[in-house]
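Undergrad: Please read through the structure below; I'll follow up with questions.
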Amino acid sequence: MGFREAEALLLTLVLGLCVTQLEAQLQVGLYRSSCPNAEKIVTEEVVKALVTHPGLPAGLLRLHFHDCFVRGCDGSVLLDSTPGSTAEKDSPINKSLEGYDVVDNAKTRLEAVCPGIVSCADIVAFAARDSVKLSKGIPYDVPAGRRDGRVSLSSETFTNLPPPTFNLDQLTQNFASKGLTQEDMVILSGAHTIGDARCSSITSRLYNFNSTGKADPSLDPAYAAKLKKKCPPNSVNSNRGVDMDPPSPTIIDSSYYRNLLVNRGLFTSDQTLMSSPVTASQVRKSAFNDLLFKKNFGAAMVKLGGVQVLTGTNGEIRKKCNVIN
């Protein structure tokens, strides 16, 4: 084991203990007495939104991930910018995030029936869980009790959110800084089994990988050719998009991992999971056991939802999710 690997492992162990302790402060069914219909209301808003936006589950999963990876799962990604400060949601990295309306609609209904009880951070976690279930994943229980943060800084997105160009070492270090293991990272990467990506996130990989003026040699040539048809060189600044997992872009399944086995990972950060024997073995396990992947994904989502949460008297319960009280 090299120094970097040992350093990442130590960091993961220390922060992982913190995540476990914070998870212990959260509770499944927390609102059973204080707001009995809390989770039902969130589910209803997610289902309602899916009627006009079938691709929303991927957006709600991404919203949860981007929330948890910056300041912890504290709803900071939902806050609007103020005259003196640019918030996370207005960072270039987050400009394509969606699902805010679902969270806001659920919050409005919840404040009407049980004001000041359910946090915006918990709504985001519930909506992500519902998205997994509605995408044919295995539903899981979401421990609740997160409180909402009061700070949101665009600048923090650049140092906390992993870009699609990250290699395996960079991804491992990034997830370790959140108390998540390399195995967690491989499983959570499976979220890319649904949704799409903008062409701007892959044009360099298609046309100028590592400043070579050519495509990434690790990308299957036939797949690269298809991607180039959908994302021509002039699509860098456009809203053109491609499916993350073409065989089943709206279903949570192990197809994502089977793509990696044949060099058809869309991002560098996807295909890099095949660059070490350990992670490649984990990819193969998920690729050939759909049920195992779905179970592991639910467990990893629960762990993600416990990253650096605010509990007790820390933070607040916002009345509106886009502004602090």
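Positions of Cβ are set from backbone N, Cα and C atoms, glycine also.
TrEMBL does not curate its annotations; it predicts them automatically.
Worth saying up front: this structure is predicted, and the values here are computed from it rather than measured.
Below are the features I grabbed from TrEMBL:
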- HIS66: active site, proton acceptor (ACT_SITE)
- ASP67, VAL70, GLY72, ASP74, SER76, GLU88: Ca(2+) 1 binding site (BINDING)
- THR193, ASP245, ASP253: Ca(2+) 2 binding site (BINDING)
- CYS35-CYS114: disulfide bond (DISULFID)
- CYS68-CYS73: disulfide bond (DISULFID)
- CYS120-CYS321: disulfide bond (DISULFID)
- CYS199-CYS231: disulfide bond (DISULFID)
- 1-24: signal peptide (SIGNAL)
- ARG62: site 'Transition state stabilizer' (SITE)
Undergrad: For ASP74, GLU88, ASP245, ASP253, listed as binding-site residues, tell me which one has the smallest number of other Cβ atoms within 10 Å.
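TA: Among the binding-site residues ASP74, GLU88, ASP245, ASP253, the lowest count of other Cβ atoms within 10 Å belongs to ASP253.
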Undergrad: Listed recorded positions are ARG62, VAL70, ASP74, SER76, ASP245; which of them have CA atoms within 10 A of the CA of CYS120 (disulfide bond)?
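TA: Passing the 10 Å Cα cut: ASP74, SER76.
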Undergrad: Out of the recorded positions CYS35, VAL70, GLY72, THR193, ASP253, give me the one sitting nearest to CYS199 (disulfide bond) by CA distance.
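TA: Comparing Cα positions, the candidate nearest CYS199 (disulfide bond) turns out to be THR193.
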Undergrad: Below 8 Å Cβ to Cβ and six or more residues apart, same chain only. Which residues does that give for GLY72 (Ca(2+) 1 binding site)?
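TA: Result: GLY149, VAL307, GLN308, VAL309, LEU310.
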Undergrad: Since the record lists VAL70, CYS114, CYS120 as recorded positions, which of them has the fewest other Cβ atoms within 10 Å of its Cβ?
TA: CYS114
Undergrad: Would you list, in sequence order, the residues of this chain other than THR193, ASP245, ASP253 that have their CB within 8 A of the centroid of the site's CB atoms, where the site is the one recorded for Ca(2+) 2?
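TA: Those within range, site residues removed, are GLY190, HIS192, ILE194, MET244, PRO247, SER248, PRO249, ILE251, ILE252, SER254, SER255, TYR256.
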Undergrad: Compute the C-alpha separation of CYS73 (disulfide bond) from THR193 (Ca(2+) 2 binding site), stating it in Å without decimals.
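TA: Computed Cα spacing between CYS73 (disulfide bond) and THR193 (Ca(2+) 2 binding site) is 22 Å.
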Undergrad: Provide the number of Cβ atoms within 10 Å of the Cβ of ARG62 (site 'Transition state stabilizer'), excluding the reference atom itself.
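TA: Looking across every protein chain shown, the total is 22.
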